[in-house]
Structures are given as structure tokens and as C-alpha cells.
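According to Swiss-Prot, the protein has these features:
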- His121: active site, proton donor/acceptor (ACT_SITE)
- Lys146: active site, schiff-base intermediate with substrate (ACT_SITE)
- Glu33, Trp34, Arg35, Arg65, Arg188, Ser207, Gln211: 3-dehydroquinate binding site (BINDING)
Amino acid sequence: MRRTKIVVPIMLTELTELEKVSVSDYHSADIVEWRADFLSADDIFEMAPKFFEKFKESKILFTLRTVREGGNIQVSEKKYLQILQEILKFDPDYIDVEYFSHGPSFAALKNYREKIVLSYHNFDEVPTDLTSRLIKMHEEGTAFVKVAVMPERECDVLDLLQITRDMTLEYGNHFISMAMGDLGRLSRISGYLTGSCWTFASLENSSAPGQISLKETVEILDLLENELA
């Protein structure tokens, strides 16, 4: 049995695409992530009831990844909060909130801490203040804390692994971390060492550089973690 949960994103660009999605393709995933930032706000609102009905047997993470953190949608703080509040009416298992980009929205959603994956994405580097950022995010008391950063050299990946391990030992097993790009692939399958509790895998199109396919991720984690659970 695997320790690390596998999250697989679904990135739909048109309302009609949902009909073509086969739920059975995601059976190997522990969590389905609806990356809604490829749709307009109005289309998100229209698709939401259909999406949650279609994946009612799955655990769902809702993510609205903004341009500022590597995503595809640019919205005001007010609109960002409005979208998240509307989605919460459908009772998702988890909802991503960009902590440093949308602090006011997080403040308005603190009553949903048990559902929140508090996130931070840096597509330029592994920041030198990453540990202090993780501590600050941890102190907010959300279900999970997620960071995705871009390594420039091998030691950046090793630093992230060590930081994740240190945070897990000190504060508990609710951290999700990954180094992006091909250089960072090791971080996506080393949760059994670092304590990172989720990894993100792709079914077809990856949602982040360096993402490994669902099939390969299942095979690798089964090999690495099967005797550890």
C-alpha cells in the first residue's frame, strides 16, 4: 500500500470537453484535481455542478491557478474569492488557496481550514526564505501546505528534500513539496523519504514541468513504497 497520494489534474478549456472525460481513466488516482483556470469565471460556475456530479465517487481538489503563480487565469481579489466561495457550495474535499498571492481571500476562508491546501509556487528559483515561508503557512492551521519551486542546479533539489524532511519531522505530515522541471523529478517520487504526502501526475497533458505520467508514477511508488506502509 502506498503512503504517497497521487493527484491527477484535469484541465478543461471548454464546457463541452467534460462530456468526453472518462472517469475510469482516473481510477488509479487518489485525488482528482480540477484545474479550472483554463475556463472563464462564468464557465466555471456553469461546469461546477456537472463536474462534481461526474466525479462524485472521487476525492476532488479544486484549483484556480492564477497567472502570478504559473497558471492561466488573471482575476481580481474579489473575483478570486467569489469563485472559491461558489465552489465551496459543492463541498469539495480540498480547495487550493494561493497564500502569498491571495492573502485576503485566505483570511475570508479561514473557517474552511480543514479543506484548504495552502499553496506557494515559484517558477524562477528555490527561494532562500523557503523554510520561513513554510513555517508561516503551517501556522495557519490548514489541512495541507504545498510548495512547488524551480531548481537551478542539483543542490537545489537536495535542499528542498531536506527542508521538507525537516518540516515534516518538526511539524507533522501535512506538507506537499516538489521541485519542478526534469531536474526536480526525484522530488515527485521521494515522499517516502521526505514526508511529502502528495505527488502530482499527468494523465495526458501535464499541469507543471517535470510531471510524471500517472501510469509511471503508480509503478514507481508501488515499487518504492509497497513494503513501507
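Start at 1 and count along the chain as shown; that gives each residue its number.
Every residue, even glycine, has its Cβ placed from backbone N, Cα and C.
The Cβ of Gln211 (3-dehydroquinate binding site) has Arg188, Phe200, Ala201, Ser202 as same-chain neighbours under 8 Å, each 6 or more residues away in sequence. Trp34 (3-dehydroquinate binding site) sits 16 Å from Lys146 (active site, schiff-base intermediate with substrate), taking the Cα positions as reference. DSSP assigns Arg188 (3-dehydroquinate binding site) to a helix. Note: the Cα of Arg35 (3-dehydroquinate binding site) and the Cα of Lys146 (active site, schiff-base intermediate with substrate) are spaced 15 Å from each other. All protein chains shown were included, and the count of other CB atoms within 10 Å of the CB of His121 (active site, proton donor/acceptor) stands at 21.
Cβ-based neighbour count (10 Å, all protein chains) for Glu33 (3-dehydroquinate binding site) stands at 23. DSSP assigns His121 (active site, proton donor/acceptor) to a strand segment in the three-state reduction.
In this structure, of the recorded positions Lys146, Arg188, the smallest number of CB atoms within 10 A of the CB marks Arg188.
Between the residue listed as 'active site, proton donor/acceptor' and Lys146 (active site, schiff-base intermediate with substrate), the C-alpha separation comes to 8 Å.
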